[in-house]
Structures are given as C-alpha cells and as structure tokens.
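Student: Pasting a structure here, questions to come.
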Amino acid sequence: MAKITQTMISQLLAAVGGSSNVSKCGNCMTRLRLTLANNGVADQAVIKQIPGVMGVVESDEQFQIILGPGKAQQAAELMNKLIESVINGDVQEQAMASDTNDLSSVAAEQKKQMKSKQTSAVQRFLSKFATIFTPLIPGFIAAGLLLGFATLLEQMFVLEQTPSQFILDLIAYMKVFGKGLFAFLSILIGYNAQQAFGGSGVNGAILASLFVLGYNPDATSGIYSGMSEFFGYTIDPRGNIIGVLLAAIIGAQVERKVREYMPDDLDMILTSVVTLLIMGVVTFVVIMPIGGELFKGMSWLFLNLNDNPLGAAILAGLFLISVVFGIHQGFVPVYFALMEAQGFNSLFPILAMAGGGQVGASLALYFKAKKDAVLRTQVKGAIIPGILGIGEPLIYGVTLPRVKPFVTACIGGAAGGFFIGLVSYLGLPVGLNTVFGPSGIVAIPLMTSHSGIFAGMAVFVVGLLISYVVGFLATYFFGSKDVDLS
C-alpha cells in the first residue's frame with residue numbers, strides 16, 4: 001500500500017481546492033476528515049486516482065478521504081503543516097494546482113452535480129457523531145482491554161483459589177482506569193458534542209456535569225451538588241448519554257443565538273453566563289425527564305432486536321452500508337444505553353460480524369483471481385487489518401468497487417449476526433465489556449457475558465467463523481460472477 005508522502009498530501013490538497021478551501025483538517029482511525037468551504041470544488045475523480053486513496057465519502061460538512069489504518073493521522077498532520085506553510089508564504093500552491101486539471105474550470109460542473117445529491121438531514125446529523133466520539137475511541141479500547149485482562153485474571157486466580165496480594169492489587173490497578181473513564185465520560189462527551197455543534201466545549205462539559213452530580217444529600221457516594229431540588233422541582237438526573245447529547249446540542253444553538261445579540265465587549269464575560277443560566281433550567285425541567293424516557297425506549301428497542309435472531313441478522317447485514325455512508329458512529333449512544341441496561345454492549349458483537357463477512361468475501365476473491373492479478377495484491381494489503389477489525393481498506397479497495405462481493409459480504413455478516421442473536425434468544429447474550437472497542441479478533445479478550453468471559457469469547461469466535469465461512473462461500477459461488485478479478 002502506498003505510503004503517506006509530502007507529494008501525496010500536496011496532490012490531495014490541490015484536488016480539494018487548495019488551502020483556501022480547507023476550513024478544518026482532522027482525522028479518525030482510517031479517514032482524513034476535511035471541512036471544506038465549498039465541497040463542489042473538490043474533484044473526487046482526481047482524488048480517487050491518487051495512489052493510497054481507497055475511497056471518498058461526502059457527508060455534508062465533512063469531506064472524508066479513506067486512507068486506511070495508521071495513515072489518516074499522519075496525513076492530517078502533514079496536511080495541517082502544509083496548509084500552515086502556504087498561509088505563511090513558505091510554500092507556493094502554484095505547482096500543486098497544475099495537477100488538478102484546472103480545478104477552477106470544473107468547479108461549476110462539480111457544484112451542479114453535488115446539488116443533485118444533497119445528503120439528508122439525518123445523515124448530516126449522524127456524521128457529527130464521528131467528531132464527538134472518535135477522539136474517545138483509544139480510551140475506550142485501552143480501558144476495555146485492561147478490564148478484559150483483569151477479569152481474565154479474576155477467573156483464573158481469584159474465584160477458585162486463594163490469590164496472592166500482588167494479583168489482587170494488579171486486578172484493582174487494571175480496573176481503576178475503566179472506572180475513571182466511565183465516572184467522568186459524560187463530561188468528555190458534553191465537551192466534544194457542544195463543540196461539534198458550534199458551541200464552546202467547556203459549556204458542554206459544565207452542562208454534562210449536571211448529570212454526574214448527586215442531588216441527594218444523604219447519598220454515601222458521588223459528589224453532592226449542594227441542591228436537592230430546583231425551585232421546588234424535584235431533580236432526577238436521568239437520561240445518561242442521551243440527556244447529555246441533547247443538552248450539549250441545544251446548548252450550542254442557544255450559545256450561538258446569545259452571541260448574536262451580545263455586544264462584542266461583553267461576549268467573553270456574559271455569553272457563557274447567559275447560556276448556562278438558560279440551559280440549566282431547560283436541562284433540569286425538560287431534558288432530564290425526556291432524555292430518561294428516550295434512553296429507556298432505546299434500551300428496550302435494541303435489547304429486543306439483539307435477542308431476536310432475525311433482528312440481529314438485519315443489524316449485522318446493514319452495518320457495512322452505514323460504514324460506507326460514514327454514519328456508523330450514530331450507534332454509539334445505543335452502546336451507552338445497553339451498557340447501563342445489561343452491564344455490557346450486546347450490540348457491538350452483532351455489528352462486528354459485518355467485518356467477518358468482509359474478510360470471507362475478500363478471501364474468496366483472492367482465490368478466484370489469477371496469481372498475477374492486481375486484485376490479489378489489493379487483498380494481501382488489506383486482509384490483515386480486516387482480520388484485526390479495520391474493514392475500510394477491504395470495503396473501499398476490494399469489495400465495494402465490485403458491488404456483488406460487497407452484497408455477499410453483507411450476507412456473511414448477517415449470518416454471523418443471526419448466530420449471535422440466536423444464542424442470545426436461547427439465554428446467553430454476549431457483549432463488549434466497554435462502550436466501544438476494536439472488532440475482529442482483537443475484540444476477543446473484550447467479550448463477556450452473564451456466564452463469564454469465556455462463554456462470551458467462545459460465542460463471539462464462533463459467530464466470527466460463521467461470518468468468514470458464509471461470506472467466503474456466498475462470494476465464491478455467487479458474488480464473483482461477472483466481476484472484475486484482474
């Protein structure tokens with residue numbers, strides 16, 4: 001696979017319209033995420049021809065370039081440095097612009113095409129979830145892995161024998177990071193959410209803290225807020241992540257509106273004060289009760305879907321499509337709801353089956369292709385990340401461009417999801433021990449169940465194998481016909 005080089009980044013920057021068209025440059029695990037002043041200027045055809053680019057996803061405010069695992073962050077750093085150099089006059093963009101086939105001449109045509117495929121309001125909304133949750137994913141994974149290893153040590157050395165004090169201390173040490181993360185996670189999410197929707201992150205963090213504080217003066221745990229009611233109104237901090245998101249999103253809109261009317265000289269002093277006073281009332285009186293009911297309803301819906309083999313198959317089968325559109329982060333609030341309802345995330349292993357179907361489909365294409373085919377090289381470069389749980393290189397480099405294998409990959413994922421749902425229906429739901437984590441084989445030590453981690457790990461592995469096999473067979477016999485295998 002192509003390396004991230006200065007030349008490649010220069011070509012990408014030119015193809016999206018130059019530094020003047022890039023308002024913000026960031027990344028997630030596999031994608032370079034750009035906020036462009038004018039999406040119509042970006043030449044997708046040119047971008048897709050640049051070596052190392054696996055695909056392009058446009059989601060209203062974000063223009064996403066898929067580069068693969070381990071490359072997106074490097075690309076974002078190089079592009080930000082290049083943009084800064086251009087702004088400072090250290091680098092001229094003239095040389096870069098020559099590679100774009102006169103972007104200004106095609107901008108008008110591109111703009112017309114973009115207007116014809118406007119994204120939906122739902123897609124625009126869900127795309128912001130990547131901005132909120134992507135920075136938190138490394139912490140979720142780290143806390144989940146440490147908790148998984150701690151639980152494994154517990155089951156091996158604590159439950160059936162007298163452990164040493166060192167083992168007990170080690171287990172407690174590995175668990176403390178997860179407890180710290182989940183104790184204050186709402187505040188981190190509130191900060192990111194309000195910032196993502198155009199407000200000040202610190203105001204979102206303060207609003208989120210209202211859900212963390214305690215309102216019972218007699219409670220023996222937590223941090224007492226100093227108030228047990230709000231002007232005679234009983235405070236019930238329900239809603240969890242749903243309430244926090246609602247408060248931050250609405251808070252961002254209120255803050256922006258207040259700033260419109262606030263004199264510039266008073267903006268820094270009073271805008272946040274007025275915003276918090278307004279949003280405190282809204283949060284205590286409206287958001288907490290409504291958020292609580294929404295949270296309860298979401299938990300009920302997905303608990304029933306996860307315990308139903310058909311529902312689980314549908315969720316797993318459609319998940320790859322949500323990845324293609326870049327809206328898969330929209331499931332994260334559901335993960336929180338399930339963590340609170342079950343003690344683990346039972347949706348994640350179902351959705352992870354989609355990656356298994358992708359691996360099976362890609363292996364089938366590998367064996368169908370001739371020994372000197374470029375397709376084999378593409379599969380070789382992307383199969384290991386796919387097995388480890390990062391499926392975008394396989395999606396954009398192997399299956400999606402050929403369409404049929406993408407469909408059969410979805411079928412493979414659905415088969416694995418059906419198995420996970422069936423086992424849950426029979427009385428053994430399994431799930432991730434943290435909100436979010438890696439999929440693929442890396443997720444095995446993070447699996448758990450009410451019958452222990454070994455049962456959870458075993459069910460997940462069998463489901464993954466089913467996805468591999470069904471994805472392989474469906475693609476080998478049906479998904480590779482009339483498909484470019486060169």
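Placed from the backbone N, Cα and C atoms, the Cβ positions cover glycine too.
Residues or ranges marked as active site, phosphocysteine intermediate in Swiss-Prot: Cys28. Residues or ranges marked as domain 'PTS EIIB type-1' in Swiss-Prot: 1-89. Residues or ranges marked as domain 'PTS EIIC type-1' in Swiss-Prot: 127-486. The transmembrane segment annotation in Swiss-Prot covers 129-149, 170-190, 196-216, 230-250, 268-288, 312-332, 347-367, 381-401, 411-431, 453-473.
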Student: Based on Cβ pairs under 8 Å, which of the stretches 129-149, 170-190, 347-367, 381-401 lies most in contact with the transmembrane segment (453-473)?
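Tutor: The listed stretch sharing the most Cβ pairs with the transmembrane segment (453-473) is 347-367.
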Student: Given the cut-off of 8 Å on Cβ pairs that are 6 or more apart in sequence, determine whether the transmembrane segment (411-431) and the transmembrane segment (312-332) share at least 3 such pairs.
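Tutor: Stretch pair touches.
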Student: Which residues of the same chain, at least 6 past either end of the transmembrane segment (268-288), have a Cβ under 8 Å from a Cβ in it?
Tutor: 199-200, 202-203, 206-207, 210-211, 230, 233, 235-239, 243, 246-247, 250-251, 254-255, 258-259, 262
Student: Quick one: do the transmembrane segment (230-250) and the transmembrane segment (381-401) reach 3+ CB pairs under 8 Å, ignoring pairs fewer than 6 apart in sequence?
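Tutor: Between the transmembrane segment (230-250) and the transmembrane segment (381-401), contact is absent.
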Student: I'd like the Cβ neighbour count for Cys28 (active site, phosphocysteine intermediate), meaning other Cβ atoms within 10 Å of its Cβ, all protein chains included.
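Tutor: Result for Cys28 (active site, phosphocysteine intermediate): 20 other Cβ atoms within 10 Å.
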Student: With a Cβ cut-off under 8 Å, give me the same-chain residues at least six positions beyond the ends of the transmembrane segment (381-401) that come close to it.
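Tutor: Here the qualifying positions are 1, 29-31, 54-55, 66, 68-69, 320, 323-324, 352, 354-355, 358-359, 361-363, 365-366, 375, 409, 438-443.
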Student: Hey, which bits of the same chain come close to the transmembrane segment (129-149), Cβ under 8 Å, at least six residues off its ends?
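Tutor: Contacts with the transmembrane segment (129-149): 26, 28-29, 33, 62, 174-175, 177-178, 181-182, 185, 188-189, 192-193, 195-196, 245, 326-327, 329-330, 332-333, 432-438, 445-448, 453.
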Student: Taking residues 6+ outside the transmembrane segment (347-367), which of them lie with a CB under 8 Å of any CB in it?
Tutor: 302, 306, 312, 315-317, 319-320, 323, 328, 331, 334-335, 338, 375-376, 379-380, 382-383, 386-387, 389, 391, 394-395, 398-399, 402, 405-406, 408-417, 419-421, 430-432, 436-437, 439-440, 443, 447, 459-460, 463-476, 479-480, 483, 485
Student: What is the pLDDT of the domain 'PTS EIIC type-1' (127-486) when averaged and given as a whole number?
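Tutor: Mean model confidence (pLDDT) across the domain 'PTS EIIC type-1' (127-486) is 89.
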Student: Just to be sure I understand, if DSSP states are collapsed into helix, strand and coil, how many residues of the domain 'PTS EIIB type-1' (1-89) fall in each?
Tutor: 38 helix, 22 strand, 29 coil
